[in-house]
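Okay, structure first, notes after.
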Amino acid sequence: MDADKSEGCCSVQLIDGDGIYNVSRIDHFIKDVKLADCGLSYAVVSIMGPQSSGKSTLLNHLFGTNFMEMDAFKGRSQTTKGIWLARCAGIEPCTLVMDLEGTDGRERGEDDTAFEKQSALFALAISDIVLINMWCHDIGREQAANKPLLKTVFQVMMRLFSPRKTTMLFVIRDKTRTPLENLEPVLREDIQKIWDSVPKPEAHKETPLSDFFNVEVVALSSYEEKEEQFKEQIASLRQRFMHSIAPGGLAGDRRGVIPASGFAFSADQIWRVIKENKDLDLPAHKVMVATVRCEEIANEKFAHFITNEDWRKLDEEVQAGPVSNFGKRLTTILGSCLSEYDGEATFFDEGVRSSKRQQLEEKLLQLVNPAFQDVLGHIRWGILEKFKASFDKALGIGEGFSSASQDWFKACMTQFDEECAGAIIEQANWDTSKVRDKLVRDIEAHISSVRTSKLSELTSLYESKVHEALSEPVEALLDGANDETWSTVKKLHRRETESAVSGLSSALAGFDMEEETRDRMVKSLQDYARGVIETKAKEEAVRVLMRMKERFGTIFSHDSDSMPRVWTGKEDLRAITKSARSASLKLLSVMAVIRLGDEPDNIEKTLTVALLDPTKNDTSKKSITTSDPLASSTWDEVPSSRTLITPVQCKSIWRQFKTETEYTVTQAISAQEANRRGNNWLPPPWAILALIVLGFNEFMTLLRNPLYLGVMFVAFLLAKALWTQLDIPGEFRNGALPGLISISAKFVPTVMNLIKNLAAQGEDPPAANPENRRSSNNTSSSENPPDHKSSSKED
């Protein structure tokens with residue numbers, strides 16, 4: 001049969017006649033009557049009795065249910081099959097009524113009592129009140145119809161590990177004239193006899209009936225004969241079921257109640273155990289039901305939490321960036337979820353409820369922990385960025401590095417702790433120390449990075465200052481090498497190094513660094529300054545040959561007033577050459593080693609003796625040693641670290657220097673000789689004597705013919721004019737061959753120019769006075785200067 005609903009009542013077949021528990025229908029029934037909302041405020045009433053004894057009729061009148069009743073006109077037969085469940089109408093608290101299949105029915109036969117025992121045990125296990133429906137005329141009879149039923153009830157009660165204390169309400173039907181006060185003692189005596197006759201376990205052999213049951217007796221008139229009186233008695237009995245679980249009520253001292261939300265599952269599990277013919281451990285069953293139901297409630301709340309809009313929105317905000325009041329908001333959401341669990345699981349076993357609550361809380365915390373970690377990550381990142389910006393700004397306005405780093409570190413860590421406190425939720429004692437430690441490491445790493453960068457900048461700054469202060473001055477000093485060069489370099493080095501070290505030390509004072517580190521940086525700057533000089537000295541040493549040639553050329557080709565020399569032949573070329581070479585050798589000796597210390601050396605003397613005065617060197621070799629003082633790769637008492645040019649290299653450089661400057665000296669000698677030749681136009685004496693001897697006849701011929709003298713005079717004048725016009729001495733200063741070529745090119749134009757001038761003068765009137773003639777000659781001369789350039793143009 002299907003579930004039946006009528007106004008104010010709802011019934012369902014809980015277990016069918018074949019003993020099959022109807023899970024789906026009972027679940028729908030529980031939802032329809034909203035049993036889960038009742039908590040512990042509900043009662044279960046069941047009725048037992050012989051078949052066709054009016055059980056369903058009694059329940060329908062007493063509780064307003066709609067169980068199927070037997071139609072007396074159709075004969076007596078089985079009406080209720082299995083176990084039916086209904087909710088009473090108009091009774092508080094919520095009361096569930098179970099109508100059990102009647103006992104001693106012919107449909108099952110005498111031998112099939114298994115279902116009777118199973119249903120009886122089931123009713124005792126889940127009912128708070130058990131109605132025993134019996135006929136009045138059976139009281140006091142040895143073979144009464146209710147005796148097998150009572151034996152069955154007492155026997156199955158022994159199968160409960162820890163039996164509940166159940167109220168057993170005997171309803172005496174069709175009461176006769178015998179007063180209830182007389183019937184009740186007889187009934188109780190019969191009940192006690194049955195109890196005593198039932199075999200019991202050792203633990204309960206002496207246990208009185210009152211430890212298991214509260215026995216109540218009520219009598220009702222015949223429904224068929226005295227219907228009105230029956231209904232009045234039913235109404236009175238109904239009042240006893242109002243607030244039945246309150247202290248003093250019919251079920252006021254019940255124990256081990258299963259919360260209403262677990263009723264369906266509990267009944268299912270109890271029936272399974274009973275069907276398997278196992279002893280029913282109700283306390284263990286209660287724990288089991290609590291475990292399953294609390295687990296279901298916890299899972300349900302966890303699933304609801306996952307889909308909770310507030311949580312989803314909060315999680316999305318966390319993914320997007322920092323969230324304010326995260327801890328407070330999440331605490332509220334978690335608290336609401338756990339409160340809902342507590343509300344639904346409050347009536348289950350406390351140990352199980354607490355355990356499952358803890359598991360739910362752990363699952364929830366495990367779910368929200370990534371969001372919490374993200375929040376901490378946002379906080380850490382934000383604080384780190386704030387520290388970087390604030391720290392850099394503080395350094396930018398000139399605040400000391402150490403004080404700025406310490407002040408902002410403290411401020412940022414305080415802010416981090418405050419923001420972490422705002423992110424903590426009440427339900428968890430999460431540790432933020434790891435994130436805090438990471439933030440500390442990140443800040444310290446940034447401080448270290450900035451410190452390294454700033455120290456590097458300071459080092460680079462002062463190194464650049466040192467390089468700028470030393471590089472060019474040292475180069476200039478080494479270029480003009482003299483006896484005071486290295487002394488001046490040392491003073492410059494000392495002055496600039498001390499200035500840079502002082503500035504660096506002042507700058508480092510704000511870094512709060514160890515003395516050892518500071519000294520190391522100062523030492524590094526000092527070494528750098530020395531390195532600048534050494535590097536520049538090495539660069540100049542590489543160019544020493546070029547510098548020597550430049551110095552030689554400067555001194556050799558210029559006089560004391562720095563004017564270019566004109567080799568007239570009067571200069572002491574040997575002395576000039578020696579002076580220039582001495583100056584070049586001075587440069588070589590200065591560049592041979594680095595002299596930043598106070599250690600003396602004999603390099604200049606050695607070079608002078610070995611290279612400039614070979615005679616003295618030969619004497620020295622004969623008297624002192626037979627070895628060459630420059631035949632070595634090191635200088636005496638000079639370490640190799642200070643050596644720029646070794647003795648062997650000096651000798652090689654000097655040899656190359658002399659070779660490359662030899663041409664300059666040779667050119668000077670040639671210039672002197674050419675100058676001497678240019679200033680002496682008389683032939684040698686032997687040539688004059690030869691001319692006199694050989695030209696005597698020609699001379700005498702001229703004396704005898706005066707006309708030859710006139711011709712010779714004119715030829716002399718013409719030759720002198722050509723001499724002047726052609727500038728023959730000037731042309732031959734450049735050499736004989738170039739002079740001849742130049743003169744030959746200008747000869748014909750010059751002759752033609754002279755002829756034109758003479759012709760022009762012959763055409764002028766002779767009346768001009770001498771002054772006018774001179775003026776005319778001057779004008780003509782100015783118009784046609786005897787310059788070869790004019791002649792060239794004319795040509």
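All residue numbers here begin at 1 and follow the chain in the order shown.
Here the Cβ of each residue, glycine as well, is placed from N, Cα and C on the backbone.
Now, the feature entries from Swiss-Prot:
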type	residues	note
TOPO_DOM	1-682	topological domain 'Cytoplasmic'
BINDING	Gly49, Pro50, Gln51, Ser52, Ser53, Gly54, Lys55, Ser56	GTP binding site
COILED	218-244	coiled coil
TRANSMEM	683-703	transmembrane segment
TRANSMEM	707-727	transmembrane segment
TOPO_DOM	728-795	topological domain 'Cytoplasmic'
COMPBIAS	775-784	compositional bias 'Low complexity'
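Of all the binding-site residues given, namely Ser53, Ser56, the one with the smallest number of surrounding CB atoms inside 10 A is Ser56.
If you take every residue in the topological domain 'Cytoplasmic' (1-682) and average the pLDDT, you get 83.
Under the three-state DSSP scheme, Pro50 (GTP binding site) falls in the strand class. A simple way to gauge crowding: the CB of Pro50 (GTP binding site) has 20 other CB atoms within 10 angstroms, across all the protein chains here. Using a 10 Å Cβ-Cβ cutoff, Lys55 (GTP binding site) registers 28 neighbours.
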